[in-house]
Amino acid sequence: MLGAGILKGLAETARNFLGSYVDKDRLTTVQFPEERAPRIEASRNFPFLVYDGTAKQEGLRCVSCLICEKECPPKCIFIEKSTDKKPDATGKLQFYPATFNIDISVCMSCQICVEVCPFNAIKMDVDFELSTTDRFSDLLWNKERLAKSNEYYREIHPIEAAAVDAELAEARARVAGAKAVTTSPPAQPSSGSSVEK
Amino acid sequence: MTPETIDQIFVISKHWLLGYMPTALQPIGSAILSVVPVLVVFPLLFAITTVLERKGLGRIQNRYGPNRVGPYGFWQPIADGIKSLTKEDVVPRTADQVVHFLAPLLLVLAAFLGYAVLPIGKNMVITNLNAGVLFFFAVGSMVELAVFMAGWSSRSKYSLLGAMRAVAQMISYEVPLVLAAIVIIMASGSLSTVAIVNMQATYTGIWPHWFLFTPWGFAGFILFMIAATAESNRAPFDLPEGESEIIAGYYIEYSGFKFALFFLGEYLGMFATSGLAITLFLGGWAAPFSFLTWIPSYIWFFLKLLTLIAVFIWVRGTFPRLRMDQLMGLAWKFMLPMTLLNIFTAGIWHFIPEGILRWLVCSLLIVAPWILLSRGLKQRKKLQVRTYRFAE
Ligand code: SF4
Ligand code: SF4
């Protein structure tokens with residue numbers, strides 16, 4: 001008969017209505033600015049630059065190789081290479097970015113810059129409260145604003161950061177080993193880096 | 001003060017105020033004093049309803065609903081009002097400026113005109129027209145004109161099609177709406193809303209003589225409320241707006257306060273038709289039991305109105321929007337035959353002498369077609385089982 005399903009539906013909504021006053025578990029709303037849902041490790045949205053140690057600008061891992069700038073699909077990364085070099089984390093002399101800007105209004109959070117970076121210098125952040133009052137200057141993030149410490153990275157993506165740290169430690173060990181090897185008779189192939197030097 | 005004076009306090013104070021006016025000004029003064037309260041109370045009720053509705057719908061979906069502005073979010077309507085006032089009023093360049101401007105005003109005006117014949121309390125009606133019910137339906141159909149003006153003057157195909165849909169729906173449901181009300185006119189022998197309420201405000205023992213408590217009255221009330229929901233474009237009949245399909249339909253080209261006026265008009269129309277349903281079926285301002293008559297009549301009216309609004313919200317929170325063909329099918333294949341049969345039943349009721357027999361006969365006359373119609377209209381479609389090979 002027409003009406004039985006209607007009454008059933010009405011009973012269900014009435015139960016929800018009354019139940020939400022009695023049983024607090026029904027209300028799953030997270031009241032945002034005060035309450036926050038637990039942060040999920042896999043979440044990501046905008047890239048940031050990782051720095052090691054405490055020096056915010058000097059410790060940047062980025063060596064200004066421009067790969068991410070080339071690969072970024074919407075072309076929202078703008079890098080200017082430095083003219084001088086300075087020692088990187090492993091003590092090797094490297095270029096560093098004189099400017100490193102990302103237009104976050106264009107960035108589409110594709111993570112490609114992160115995937116292509118050979119130096120683990122750029123990673124995805126989880127910060128989502130990015131609203132600004134000025135759409136012209138506040139949306140173009142410079143080096144200062146993009147730099148975040150490795151500790152922060154470990155905090156937001158613990159598993160990923162542990163892997164990166166292990167990889168970097170291994171690379172450092174290899175460099176240290178190679179240095180030790182270069183003092184003994186050279187075992188390197190004859191062609192290679194000697195040409196560049 | 002006796003209960004009688006409290007009940008009549010507004011009427012008495014109006015006459016007291018009129019006493020200070022020169023006689024020549026008294027008719028116009030009396031009109032203003034009757035109209036202004038309606039212009040204040042019902043928009044205020046609209047403001048309260050918007051926040052209650054949002055909270056109610058929230059609770060139905062296990063959410064909190066608005067709870068930020070003011071205590072428990074009850075100042076939300078003020079914030080909404082300020083917002084809609086400060087929004088830019090965008091008018092399409094090709095739109096018919098005059099008609100585009102007049103449409104929302106006409107809609108609100110049409111919604112307000114119906115209140116002229118609603119008895120809000122004992123002796124509290126703006127005009128006691130002899131053809132009150134007829135007047136109500138006549139001005140109610142002005143809404144269709146306003147809707148079409150809005151859709152046509154926007155010079156947009158979206159809004160024009162939206163207006164066509166809206167008008168088609170409103171006209172289709174106006175037929176069962178009026179036919180469902182006819183049983184009351186038959187029973188009371190009057191088109192005056194005041195006379196209809198007075199007839200119901202009598203009691204047998206403690207029980208009132210509401211038309212709801214008869215088989216045809218009950219069926220009429222249900223049919224009337226279904227048609228009223230469709231007539232005021234409320235869910236599940238909110239196809240004219242159809243925000244998921246046609247994006248606000250006929251008022252798509254309206255912004256800011258004009259949009260708010262459409263909203264206001266919709267709610268005022270809902271209150272007016274609910275008020276008429278109360279007047280026709282639920283005894284108007286009459287108390288539900290004879291021992292409760294000491295409570296002022298206008299309080300009863302507004303209690304009943306709030307109950308009906310609560311039901312409207314409940315229904316809105318429960319049912320999904322219908323499809324256009326389902327909607328028209330319901331209007332013409334189910335509502336129309338049922339209302340016609342209901343008129344017939346009311347006639348039979350009149351001729352069978354009082355007793356258990358007429359209850360049985362009339363109930364059967366309504367329940368049997370109800371079951372048969374709903375069975376017969378059930379579409380038995382053989383649905384093919386679809387396999388999605390790519391999604392395995
Ligand atoms: S996440 Fe994608 S779009 Fe954003 S900066 Fe990196 S490569 Fe460009
Ligand atoms: S962030 Fe990585 S890929 Fe981009 S320039 Fe720096 S080192 Fe190269």
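Backbone N, Cα and C atoms are what each Cβ position is placed from, and that goes for glycine too.
Remember, TrEMBL labels are computer predictions, not curated facts.
Annotated in TrEMBL:
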TRANSMEM  B:28-52  transmembrane segment
TRANSMEM  B:101-121  transmembrane segment
TRANSMEM  B:133-152  transmembrane segment
TRANSMEM  B:173-197  transmembrane segment
TRANSMEM  B:209-230  transmembrane segment
TRANSMEM  B:259-286  transmembrane segment
TRANSMEM  B:298-315  transmembrane segment
TRANSMEM  B:327-350  transmembrane segment
TRANSMEM  B:356-373  transmembrane segment
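If you look at the transmembrane segment (B:28-52) against the transmembrane segment (B:259-286), you find at least three C-beta pairs under 8 angstroms, all six or more positions apart, and that counts as contact. Counting same-chain residues at least six beyond the ends of the transmembrane segment (B:209-230), those with a Cβ under 8 angstroms from any Cβ of the stretch are 169-170, 172-174, 176-177, 180-181, 183-184, 187-188, 199-203, 236-237, 270, 273-274, 276-277, 280-283, 286, 288, 308, 311-312, 315, 327, 331, 335, 338-339, 342, 345-346, 349, 359, 362-363, 365-366, 370.
Sequence-distant contacts of the transmembrane segment (B:173-197) (same chain, at least 6 residues past either end, Cβ-Cβ under 8 Å): 117-119, 125, 128-134, 136-137, 140-141, 211, 214, 216-217, 220-221, 223-224, 226-228, 230-231, 237, 273, 276, 279-281, 283-286, 331, 335-336, 338-340, 342-343, 345-347, 350. Panel annotation: around the transmembrane segment (B:259-286), residues 42-43, 45-46, 49-50, 80-81, 84, 104-105, 107-108, 110-112, 114-115, 118-122, 124, 133, 136, 140, 143, 146, 150, 177, 181, 184, 193, 196-197, 200-201, 208-212, 217, 220-221, 224-225, 228, 231-234, 251, 293, 297-298, 300-301, 304-305, 308-309, 312 of the same chain, lying at least six beyond its termini, place a Cβ under 8 Å from a Cβ of the stretch.
Panel annotation: around the transmembrane segment (B:327-350), residues 168-169, 172-173, 175-176, 179-180, 182-183, 186-187, 214-216, 219-220, 223, 226-227, 230, 237, 239, 358, 361-362, 365-366, 369-370, 373-374, 377 of the same chain, lying at least six beyond its termini, place a Cβ under 8 Å from a Cβ of the stretch.
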